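According to TrEMBL, the protein has these features:
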TRANSMEM  35-56  transmembrane segment
DOMAIN    38-417  domain 'Ammonium transporter AmtB-like'
TRANSMEM  68-86  transmembrane segment
TRANSMEM  120-143  transmembrane segment
TRANSMEM  155-177  transmembrane segment
TRANSMEM  189-209  transmembrane segment
TRANSMEM  229-250  transmembrane segment
TRANSMEM  256-277  transmembrane segment
REGION    443-471  region 'Disordered'
COMPBIAS  459-471  compositional bias 'Basic and acidic residues'
């Protein structure tokens with residue numbers, strides 16, 4: 001078996017390849033399958049980015065859907081800059097303190113061929129890319145808090161600084177070998193804390209700052225405009241999550257394969273849990289959007305636990321997380337907020353449940369499938385691990401706690417306000433709403449023959465259908 005390379009402080013970039021005399025690949029001879037596997041996982045994690053955009057766009061009303069698709073790419077682009085500029089260094093520099101990294105890798109300095117700080121079999125440039133995609137997905141989840149009323153440019157500025165001030169320190173606490181949660185240790189395999197708990201609480205705070213959406217009694221308010229987009233986005237997220245959890249072992253061990261199996265298991269049981277709650281609540285009817293939300297809840301719940309628990313524990317975690325989240329249908333009313341995408345319910349609450357259950361069900365026999373990690377939990381009689389998980393939940397929740405468009409722009413829709421010639425769907429969509437009539441009259445036509453205003457949409461007329469629910 002090939003020997004893992006060691007980090008050389010005298011050559012922190014991994015060796016001088018400029019002279020043509022040093023083959024930086026030679027140190028990984030016989031271990032290439034590890035970083036080949038991780039880069040593949042990174043590629044499929046990227047699919048989560050448009051997946052979130054499609055899901056959010058489908059959950060929004062049609063008039064503001066395009067802005068959420070647009071932001072999915074913009075957030076990924078801004079986060080890439082942030083990560084290359086200083087984000088990676090603040091999270092993963094080898095000389096970090098217990099709370100945040102320094103600028104040793106500022107501007108991607110020395111991030112090349114050396115063994116990564118978290119896995120000796122992964123070149124640092126591969127590790128940096130993989131973790132950058134985690135950050136991009138997290139910031140995109142947070143931006144969901146601006147749902148249908150947040151201006152795009154301020155949200156991108158907010159995303160840059162949120163990643164810097166919140167995500168990077170929490171990632172350092174959790175995954176940097178110098179971080180205080182890492183040393184505690186709290187168990188967080190793939191981001192229950194840095195990704196879900198942090199983004200859930202931040203989205204809640206963002207929604208509170210922006211205030212509630214304005215509406216004039218439209219039946220479409222709070223209803224998804226396109227269930228197909230929601231379904232498509234969910235399937236892309238589910239697929240990408242195989243890389244999200246499966247790659248977090250940072251090697252191609254049996255543990256990584258087990259984490260991937262647990263990912264599908266939890267998502268599947270999450271669907272069953274949410275659909276069960278919907279079926280009971282509606283007395284025998286189903287919701288496609290509910291099934292999609294159940295899958296997301298299951299994925300969120302298993303994220304911290306994927307590489308620590310057995311497959312039946314993963315099923316239970318996915319099911320419990322979905323049932324609890326589905327039962328919080330009136331959470332916005334209880335909190336008197338307007339968080340239309342339920343980011344806090346799915347990611348904040350779901351992440352906290354997953355982290356707590358990780359402490360209970362963590363089994364050292366599963367973590368040791370990689371041949372080196374022993375992480376006993378309550379399952380092995382280590383009840384103190386549950387308390388450590390509460391420390392993570394409490395610390396991250398407490399730490400994560402002109403942005404809004406005008407009222408006129410909100411009522412008109414973000415797409416018409418912020419884009420010059422585009423909307424979701426056909427340009428003459430309004431002509432076919434309500435038989436082409438507005439309050440019994442034909443809509444006014446613009447110079448190009450298209451309706452300038454329309455009656456109630458098909459979503460409004462079908463608002464009571466079982467496959468359309470408040471999201």
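Cβ from N, Cα, C; glycine included.
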Cβ contacts under 8 Å made by the transmembrane segment (189-209) with residues that lie 6+ beyond its boundaries: 134, 137-139, 141-147, 150, 158, 162, 166-167, 170-171, 173-175, 181, 244-245, 248, 259, 300, 303-308, 335, 337-341, 343-352, 354-355, 358, 392-393, 396-397, 399-401, 403
For the transmembrane segment (120-143), distant same-chain residues with Cβ under 8 A (at least six beyond the ends): 4-7, 14, 28, 31, 34-35, 38-39, 41-42, 45-46, 48-49, 52-53, 71-72, 75-76, 78-80, 82-84, 87-88, 91-92, 108, 110-114, 150, 155, 158-159, 162-163, 167-168, 171, 191, 194-196, 198-200, 202-203, 206, 244, 247, 250-251, 343, 347
Candidate ranges 35-56, 155-177, 229-250 - greatest C-beta contact count to the transmembrane segment (68-86) (under 8 angstroms): 35-56
Intrachain residues whose Cβ lies under 8 Å of the transmembrane segment (229-250), provided they are six or more past its termini: 37-38, 40-48, 50-59, 65, 116, 118-119, 121-122, 127, 130, 134, 137, 189-191, 256-257, 259-260, 262-264, 267, 288-289, 292, 295-296, 299, 302-303, 306-307, 370, 471
Integer mean pLDDT for the domain 'Ammonium transporter AmtB-like' (38-417): 90
